[in-house]
Amino acid sequence: MSSKEDKTLQAIKFDREHVKLDILDQLVIPYSTTYIPINTIEDAFQAIKLMQVRGAPAIAIVGAFAVVVDTHTYLQSGESSKTIKDLKDSLDYLITSRPTAVNLANALNDMKVLISLAAEDSKPVDKTTLKLLYDYAVALYDDDLANNFKLGENGLQYIISSLKEENFEGPFSIITVCNTGSLATSGHGTALGIIRSTYQNLNEENTKEDFWLDHVYPCETRPYNQGARLTTYELDYEQIPFTLICDNMVSSLINTLNREKAVKDSSAPVKFIIVGADRIVKNGDTANKIGTFQLATIANYFNNKNENQKIRFIIAAPKTTIDLNTPTGEGIVIEERPANELTTLVGPQLAQDGVGEKVTVGIATPGINVWNPAFDVTPHELIDSIVTEDPHVFTKDASGEYQLSK
Ligand code: MRU
């Protein structure tokens, strides 16, 4: 098990001087802090596919840095056989590592455009190509980090104005799913970034309002358990009060808290469900981790039942996650993952004296049919707002439609 000192929230380490890339292996968090080197585009493909790095912004950044490292190593080797066309083909290959999150495709397609503007397909990859790629990747990382802090602040302001509008007073809770924090981005996070910013500014000790964030409920996020493994790790690291729940406990949790019954030691009602996004299309339909759609449906049920206990369903994402080329959620390709992610559990053996070997245990009848979509699409009508790095929070117009822009 990692000691407190070993723990880190830095998913991506890029050495700008020596052009080296290491990623935190998210398959062994929270039990071990291990960085693995990414030396080639193929290394990045495998790490993204295996989900050693995951989260829409993080995979885009790792993909972009990997292209830089690969190109840098190639130029250092003194070879001269690679053309711009070869490089563009390898970027197309890398895009296929995970199809749903648009950030990876956006970043690598941008890189393709940049190098195409500078040189024809038949020209060799050279130092100018590398400089263009390097500058793009570094800016992608820096912008993501800066935008996450803006997004967190915008989400906080939206939370404050929503609660004021309702004349809400006292403690409240937030539900989230998957991992959308530092580990899924360059830092701070999106949905978890809003939770971070909200807790920093609106906890019981320091709030200047009549309300405060009392508790966070991360969903376990079956089958890959990003909520249980990664979001709890981040919340624990930040000392934000939280209680882990299974994905199928959400209705019961909200109902229990609405009846002012305590769950463990908090009875603060759920006022917000805040989630990230892998792709937000033109009409606001949003692909995110499987289970997101049912969270929105549950919020809708409670909102229809009792207008005084409104739960707002918020999508939090940087504008790099917006895809204006796809008109509706129908057009989103949903990644299907292998059956063994449902039929087995993988993790280290835990013993009193520490963490042991990784083991795989079976939890379903062998050889059965399994459906394992990694994401679902929440229809825009169930989404109350889309928070980005822009101070203007997107909400629906009078006819119930989103007018999104980049
Ligand atoms: O399969 P994952 O872990 O890559 O899925 C991640 C999510 O669905 C996140 O919510 C999304 O990428 C936003 S991360 C800031």
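Each Cβ is built from the backbone N, Cα and C atoms, and glycine gets one as well.
For Asp278, the entry in TrEMBL reads active site, proton donor. DSSP assigns Asp278 (active site, proton donor) to coil, not to a helix or a strand.
Counting every protein chain shown, the number of other Cβ atoms lying within 10 Å of the Cβ of Cys178 (site 'Transition state stabilizer') is 29. In the three-state DSSP reading, Cys178 (site 'Transition state stabilizer') counts as coil. The feature site 'Transition state stabilizer' is assigned by TrEMBL to Cys178.
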TODO: Report, in whole Å, the straight Cα-to-Cα distance of Asp278 (active site, proton donor) from Cys178 (site 'Transition state stabilizer').
DONE: 12
Open item on the list: What's the number of neighbouring CB atoms sitting within 10 A of the CB on Asp278 (active site, proton donor)?
Closed with: 30
